[in-house]
Structure formats: C-alpha cells, structure tokens
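For reference, Swiss-Prot has these:
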| type | residues | note |
| --- | --- | --- |
| ACT_SITE | 95 | active site, proton acceptor |
| DOMAIN | 101-347 | domain 'Radical SAM core' |
| DISULFID | 108-352 | disulfide bond |
| BINDING | 115, 119, 122 | [4Fe-4S] cluster binding site |
| BINDING | 178, 179, 210, 232, 233, 234, 309 | S-adenosyl-L-methionine binding site |
| ACT_SITE | 352 | active site, S-methylcysteine intermediate |
C-alpha cells in the first residue's frame with residue numbers, strides 16, 4: 001500500500017491552506033486558526049493547538065507536518081549578526097542572516113540553492129546553481145529564525161519595548177542566495193504569507209525583494225504583490241554592467257529603468273533602491289559618478305553604496321573608504337539620496353555578497369568562471 005507524503009504547512013499561503021482544510025471537511029476559520037498557530041506562535045506540534053478540535057488535530061497529525069530545514073551550522077558575529085546554514089539536501093546548503101539594529105531586526109533570506117545570474121562580485125554566483133527553493137524552504141527560514149530569536153532575545157526586548165516595537169524580526173529582505181524573480185512561483189506565496197495578518201503581518205514597506213533586473217517578472221510582481229523593490233545596479237552604463245551583471249545583456253538599462261518606473265505606480269514606497277557595489281578601479285571613478293547621476297535622475301530612486309566584501313577567486317578589490325566617501329558626496333551634491341551600507345557580519349562571511357552556502361553546481365558556471373574571471377574587467381564609461 002502506497003503511503004501519502006504529508007503536506008508541509010509552511011509551504012501554504014492563506015488560500016492554499018483554506019482549500020486544503022476545506023478538502024478535509026473544515027471551515028475557513030479553522031484554516032485561519034491553524035495559520036496563526038504555525039506562523040505567529042511558531043508551533044510545530046498539532047497537540048499544542050489547544051483551540052482546535054481534537055479530531056481535527058488527529059487528522060492534521062496524520063496528513064501534515066510543520067517542518068523547517070535542518071540547521072547544519074549557526075554562527076554569531078561580534079556585532080550581533082547571526083547566520084544559519086540550512087541543509088536543503090543532496091549536498092546543497094543555503095544561508096540566512098539576521099542583522100539586529102537599535103530600531104529594527106532584519107532577516108536576509110535565500111530563494112535558490114546557488115544562482116544562475118553569475119554576477120562577477122558575488123560569492124553565491126561563483127558557486128553555480130543547483131535548484132530553486134520550495135515555498136516551505138523559503139518561509140521556513142523566517143519561521144525558524146523567528147522561533148529561535150524570540151526564544152533567545154525576545155523576552156528581554158519585549159519587556160523594554162514600546163507598543164510599536166514588539167517584533168524581533170521587523171523587516172525581511174530577499175537578498176540572500178539566488179535571484180528571487182527567477183523562482184517566482186515559489187517566492188510569491190512566501191511573500192503573501194509574510195504580509196498576511198494571520199501569518200507574519202509585515203507591511204509591504206518592510207518586505208524587500210532584490211532583483212538583478214528580471215524585467216518581465218518585475219512587472220508581474222507589481223501586479224501580484226508589490227512589496228519594496230531593490231535593484232542590483234552596480235554600473236552606470238550597459239557596457240560595464242554587461243561585465244558585472246551578465247543578465248544586463250538580456251535586459252539592458254533602458255528596459256530596466258522603464259520597468260522600475262512602471263513598478264513605482266504600484267510600490268509601497270515612492271522610490272526604488274539601487275544597490276551599487278563599490279569596486280576599486282572598476283566602477284568608482286568620478287566619471288562613473290557623473291554617469292550614475294544622469295541615470296538616477298531618470299527614475300525616483302535611492303542609491304545604496306555597498307563596500308565590496310572580498311572572497312577567494314573574485315579578483316576584485318574593495319574601493320578605499322575615502323573614495324567611497326567622495327563618490328557618495330558627488331551623488332548627494334547632485335540631489336541624489338545616497339547611503340553607504342554599513343558592513344555587518346563580515347567576520348562570519350555574512351556580509352553582502354559573501355553568502356555562498358554549499359552548492360552542487362548543475363550549470364557548469366564554476367567551470368566557466370575559472371576561465372572568465374581570469375579576464376580583467378574593463379573600466380568602461382558611456
């Protein structure tokens with residue numbers, strides 16, 4: 001007799017869970033109760049769900065599970081940043097990072113085991129690509145981190161918090177391993193769970209999707225679930241961006257900027273964040289700043305300058321701090337809202353661009369990288 005694989009409830013958004021409970025003879029309010037137990041109270045035992053009928057709990061125990069990915073390693077940085085390495089099977093692992101600050105707690109989650117975009121300055125891209133994560137594996141990172149952090153630091157924080165500061169995790173950014181918009185069908189239900197009042201109850205302004213510029217899926221996200229958007233820009237012209245972000249060859253800057261403008265009509269914020277990794281001698285000259293100013297004036301945006309975090313075999317160097325300061329000042333003098341990201345967790349390789357996990361590459365990206373990364377990047381101006 002064949003056994004039916006239990007359904008992992010972490011992978012179901014409100015509609016999917018309501019439909020499932022309905023198939024089992026339950027009412028919609030039962031699905032809402034169940035969703036609150038799973039995502040708000042971080043419960044993984046159906047026996048603990050005391051306001052559910054006993055026979056329904058028994059049914060759940062037979063047919064469903066609440067199961068996050070196994071954690072292989074947890075690391076803590078001297079600055080309070082925490083990183084988890086989750087086992088996704090078959091020799092692959094992904095990384096998730098929690099960044100505590102005085103006014104917020106940000107969780108950076110992954111959407112793929114590896115990444116096919118292969119940005120030149122990103123450690124994840126250097127590892128290659130294995131597979132997309134399932135919704136349960138994406139939301140499971142949030143579920144696990146919330147559960148662990150509330151147990152570890154939640155009580156102390158909540159005791160001293162005001163009414164508006166009761167969350168350990170107040171912001172979620174999809175800036176970990178992978179390109180979220182190339183795993184859209186699994187990412188979308190995860191986003192909806194983050195926003196759902198019976199799920200994690202985050203506002204659209206506090207959930208950010210970062211993309212390297214998958215234009216058609218940016219348009220879909222604007223219609224389906226318009227959260228805050230960050231775009232990995234990293235170059236002010238097509239010639240240089242073709243080298244740094246190969247996806248630019250498919251969706252060049254003109255198309256990308258037009259998609260950003262369309263997204264703004266639906267976005268929860270009145271600007272797009274452009275991320276710009278500062279690379280010594282590559283994209284950090286005064287001429288690059290001049291070109292970037294011209295680009296930034298075409299769409300309402302904020303520039304986030306990111307110090308490059310080196311990794312083996314990158315062949316790249318971080319821009320010196322004085323150069324970053326001058327570059328940022330030129331942008332601000334031109335009226336462009338500009339911030340310089342503070343590096344967090346670099347002592348545990350948890351900073352921007354350092355997440356690598358463990359990836360069994362199915363795309364031969366690592367082989368191609370061995371050849372291509374020996375070729376110097378041209379310092380290109382428009």
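If you go along the chain as it appears here, the first residue is 1 and each next one adds 1.
Using N, Cα and C of the backbone, Cβ positions are placed for all residues, glycine too.
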Task: Surrounding CB atoms that lie within 10 Å of the CB of residue 178 (S-adenosyl-L-methionine binding site), all protein chains - done: 29
Open item on the list: Considering Cα atoms only, can you say which of 95, 115, 122 is the nearest neighbour of residue 178 (S-adenosyl-L-methionine binding site) among these recorded positions?
Closed with: 115
Open item on the list: Within a 10 Å radius of its Cβ, which of these recorded positions (108, 115, 119, 122, 233) has the fewest neighbouring Cβ atoms?
Closed with: 119
Open item on the list: Cβ atoms within 10 Å, counted per site: which of 210, 232, 309 has the most, among these binding-site residues?
Closed with: 232
TODO: Find the one among the recorded positions 95, 233, 234, 309 whose C-alpha lies closest to that of residue 122 ([4Fe-4S] cluster binding site).
DONE: 309
Task: Other CB atoms, at most 10 A from the CB of residue 179 (S-adenosyl-L-methionine binding site) - done: 28
Task: Spatial neighbours, same chain, of residue 234 (S-adenosyl-L-methionine binding site) - Cβ under 8 Å, 6+ residues apart - done: 119, 121, 241, 244, 245, 275, 276, 277, 283
- [ ] Taking Cα atoms as reference points, rank the recorded positions 95, 108, 115 by distance from residue 210 (S-adenosyl-L-methionine binding site) and give the first.
- [x] 108
TODO: May I ask you to report the DSSP-based helix, strand or coil state of residue 210 (S-adenosyl-L-methionine binding site)?
DONE: strand
Task: Local backbone state of residue 234 (S-adenosyl-L-methionine binding site), from DSSP in three classes - done: coil
Task: From recorded positions 108, 179, 232, the one whose Cα lies nearest residue 115 ([4Fe-4S] cluster binding site) - done: 179
